[in-house]
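Per TrEMBL, the features are as follows:
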type	residues	note
BINDING	76, 77, 78, 103, 119, 123, 272, 276, 277	L-histidine binding site
DOMAIN	18-362	domain 'Aminoacyl-transfer RNA synthetases class-II family profile'
């Protein structure tokens, strides 16, 4: 059977048109916030990518070229961005990048998990005052999700420093921080009991430590919760947690000024699996009501995520010079499949071309007239088509307009040629004017 490689897919015109519409909404938001576009190669040196993704390093596609150079397909757009900054000694940039990335995952195409997929990233790099760029990243997520009208959503926010502080005061040894983090990250999908037993059983934490962690990671709220934790006898003594909570308070002040706090939840269970986050982390989740009788909204899944990663650029710099960064990635594939299902359900037909006018003739032997007119239209920047037949029937030509959604037909018959005019027909209303 002829088909594309496993975990990849073709996009027919209707899908490509929908994706285009979606991407242009995202890009216009990025541009509104003053970001410049960059592009980096699909191929990176293997060593650039290795050891940056924690447990997910095993999902990197490795390649070898004829010269024996060890290469890999990019796994995300963040690590190549950090490499680009270090290589070009850039200390200050606001950029967006939309491109395909590759993961050697077990494809679960029903859940929208592919081996080749798009990522849309916006990042702010540079030394700035705390939480101002971070707040803008959250504002961008809020703008895009509101603009696309995907339904109700919540943006969960946490901070790696708060999380590490919690683990610290609960007695988790340094060596078990990252494994504990990735286990806590599962709390949105499985109940606390399961997370607890994985911590104790697989990750080797003591039951007491796990219970103490449980008291914190099940908390979520807003400014009130931040204030409460700042007064917490254990956490307030922890330098990291105190720093993180201070910044979180500042962040919430800025988000209040942006007027978006009703969609933000400070959530201590949010961990985000990647190793490179150092400060604020966030994830946007779509909610949907199963039916009217349900009080609780159920999460459909993450549609955007990001955070602060201040150490990544320094990993590539020979002198270890750091460039603080914060960024967000929009989960374009998941949003795409939601919009696609919605379009199917509505039965609406999406136009796959942008043709404005079809050049048509009502009688035979008028191909020359059509070619001359269509050439004039193209040269004037008008999107025009004609049928590739010498003498097509008028009905066939008008039917083509209806099928593809072309709004106008420019008709040149013998009479029009003699009078030096064109008959413009509105395909939907059938009104005609000579001009």
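Glycine is no exception: its Cβ is also placed from the backbone N, Cα and C atoms.
Whatever TrEMBL says is automated annotation, not expert-curated.
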State which of the following binding-site residues has the fewest other Cβ atoms within 10 Å around its Cβ: 78, 119.
-> 119
In sequence order, what residues of the same chain, 6+ apart, have a Cβ less than 8 Å from the Cβ of residue 76 (L-histidine binding site)?
-> 53, 101, 119, 121, 329
Whole-number mean of pLDDT values that fall within the domain 'Aminoacyl-transfer RNA synthetases class-II family profile' (18-362) | 90
Candidate with sparsest Cβ neighbourhood (10 Å radius) among 272, 277, the listed binding-site residues | 272
